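Participant: Sending over a structure as structure tokens; questions will come in a sec.
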Ligand code: AMP
Ligand code: ZN
């Protein structure tokens, strides 16, 4: 696993004194590849902005105290105060301020740290000090997380007491949320953690080749394999991007998180179980490799595509990619095996809680965020500790909500309009709000494709998934019948044949989506072709079933053939 190192940081120095910087710069260049000197404070702030726009590496800001004004004789450099204020407002991110001074007064040093400096170093900087400067990045992050998370508790004062009665229910204690989730599902461990250690490397190689293939066969994998697939995908992404440095976790913690996700899916559901979630995750991974956003883990699949063809794809940053992958593995967490309509028609507490709107998807998103809070990725769910909280949460929640099929047509229309607009006028990268909207829609489009990607898999697989889904629909129908409720034809056994069920869904639901997304990125065209092929195959099966020859042709062993049974 890659670790934080000096190459992951850039260095910005604020210095405007006559004294010679040459020697310090030479030493810094030996350790850091990116070292920039600025002599004005406004230039420093602009440079910090520019560093973040370039990528999300951390920036060590060396503030030369003698170059700054001190607001009062016993205060610290004004630039430090400005930068710390901007960091607290999340107006700048990933900046680690360090004060350098020749003033070796202990009280001044302490003051600087109290005011938010990550470190204080004496001038001239020695090689030894420079070599360990980058460690301040990790130290500073941990310090901020600790401080921020206790901020609300320690800041409770007079105003809080005025609001106390109104707010006590709003600030639900975490265990209240746990109880709420536990009422809906209680994970039953299906895989022992210790069993993962025994997985052979041949098996891992096989899984790797599966991950890189559109012919991915999760129906042949057991839970242990499926967990390993998730691990390999998440681990690859975390190790590929320097910007995700701070999210790298020990492998035991990552497995622990995936175990709990696996156990949060009901294995009794024929379709909406962990296998479907892994199938959706693999589909997203495959799409991201195809469009050039990810380097595939198998060289046979071909390296990362040279050019990102569509301007929209440039909007995807590493954290967005990670968020999208996380959303796919969590998008059906706790699915009860019945659909939204059932939840609404039986007036379940969840339907009441979410006002009948995207009931299951809202529940999946809430439960998944709760799971994140309990595990190694909890920093991603803390608005005070993580400057990227807002965008991560937006992508995860919006992507999961996008899988509500009742909004399908609206989504397809939005994707078509987006594709045409961008063809006409491109993307204005300076319009941050518009870019974020486009990015969220793109993530929604990709997860929607992945969610119904079974339609575009090679025919034997598409058929296997269709049968499994039909079985889940029938089980819901059986339950509705028992409860004396109305039952839709597709939920009734023997009412609609599998061919019609699939031809209708693929022609009138799936194709529209995949065609719209292929307008955005032509690398997705293979899915449209595959759906047309599958429709053809279903049509052939239907014709064969209807053919009178089917009824009269004897089987090879001489017994008369019978029409094939319905699904
Ligand atoms: P989700 O519940 O998140 O998996 O949403 C996807 C929904 O699309 C499923 O619940 C099904 O209702 C529908 N769906 C997916 N694949 C098919 C298929 N092959 N045939 C018919 N409906 C499908
Ligand atoms: Zn799904």
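Each residue's number is its place along the chain shown, starting with 1.
Glycine is no exception: its Cβ is also placed from the backbone N, Cα and C atoms.
As annotated in TrEMBL:
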type: DOMAIN; residues: 1-138; note: domain 'Response regulatory'
type: MOD_RES; residues: 64; note: 4-aspartylphosphate
type: DOMAIN; residues: 172-545; note: domain 'PDEase'
type: BINDING; residues: 272, 273, 274, 275, 276, 332, 451, 502; note: AMP binding site
type: ACT_SITE; residues: 272; note: active site, proton donor
type: BINDING; residues: 276, 331, 332, 451; note: Zn(2+) 1 binding site
type: BINDING; residues: 332; note: Zn(2+) 2 binding site
type: REGION; residues: 546-567; note: region 'Disordered'
Participant: If you measure residue 331 (Zn(2+) 1 binding site) to the residue listed as '4-aspartylphosphate' at Cα, how many Å is it?
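Facilitator: Rounded to the nearest whole number, the Cα-Cα distance is 49 Å.
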Participant: I'd like to verify something. Among the recorded positions 64, 273, 274, 275, 332, 451, which ones have a C-beta closer than 6 angstroms to some atom of ligand 1?
Facilitator: 332, 451
Participant: Near ligand 2, which of the binding-site residues 275, 332, 451 are found, taking a Cβ distance under 6 A to any of its atoms?
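Facilitator: So the answer is 332, 451.
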Participant: Taking every protein chain shown into account, which of the recorded positions 64, 332, 451 has the largest tally of Cβ atoms within 10 Å of its Cβ?
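Facilitator: Checking each of 64, 332, 451, the winner is 332.
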Participant: Please spell out the DSSP helix, strand and coil residue counts for the domain 'Response regulatory' (1-138).
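Facilitator: Here the numbers are 59 helix, 28 strand, 51 coil.
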Participant: Quick check for the class: what is the C-alpha distance, in angstrom and rounded, between residue 332 (AMP binding site) and the residue listed as '4-aspartylphosphate'?
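Facilitator: Here the two Cα atoms are 52 Å apart.
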Participant: Among the binding-site residues 272, 275, 331, which residue has the largest number of other Cβ atoms within 10 Å of its own Cβ?
Facilitator: 331
Participant: Let me know the DSSP-derived helix, strand or coil state of residue 273 (AMP binding site), please.
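Facilitator: SS state of residue 273 (AMP binding site) = coil.
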Participant: Going by a 10 angstroms cut-off between Cβ atoms, which of the binding-site residues 273, 502 has the sparsest surroundings?
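Facilitator: Checked 273, 502; of these binding-site residues, fewest Cβ neighbours within 10 Å: 273.
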Participant: Name the secondary structure element type, per DSSP in three states, that contains residue 451 (AMP binding site).
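Facilitator: Once the DSSP labels are grouped into three classes, residue 451 (AMP binding site) ends up as helix.
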Participant: Roughly where does the domain 'Response regulatory' (1-138) sit in mean pLDDT, to the nearest integer?
Facilitator: 84
Participant: For the C-alpha pair, I'd like the distance in angstrom between residue 274 (AMP binding site) and the residue listed as '4-aspartylphosphate', rounded off.
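Facilitator: The residue listed as '4-aspartylphosphate' has its Cα 54 Å from the Cα of residue 274 (AMP binding site).
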Participant: Which residues, same chain and not among 276, 331, 332, 451, have a CB within 8 angstroms of the centroid of the CB atoms at the recorded Zn(2+) 1 site?
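Facilitator: Going along the sequence, the neighbours come out as 272, 277, 280, 328, 335, 364, 403.
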Participant: Just to verify a number: CA distance, residue 273 (AMP binding site) to residue 64 (4-aspartylphosphate), in angstrom, no decimals.
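Facilitator: Cα of residue 273 (AMP binding site) to Cα of residue 64 (4-aspartylphosphate) measures 57 Å after rounding.
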Participant: For residue 276 (AMP binding site), which residues in the same chain are close in space, meaning a Cβ under 8 Å from its Cβ, but six or more apart along the sequence?
Facilitator: 332
Participant: Taking the Cβ of residue 274 (AMP binding site) as centre, how many other Cβ atoms lie within 10 Å?
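Facilitator: Looking across every protein chain shown, the total is 26.
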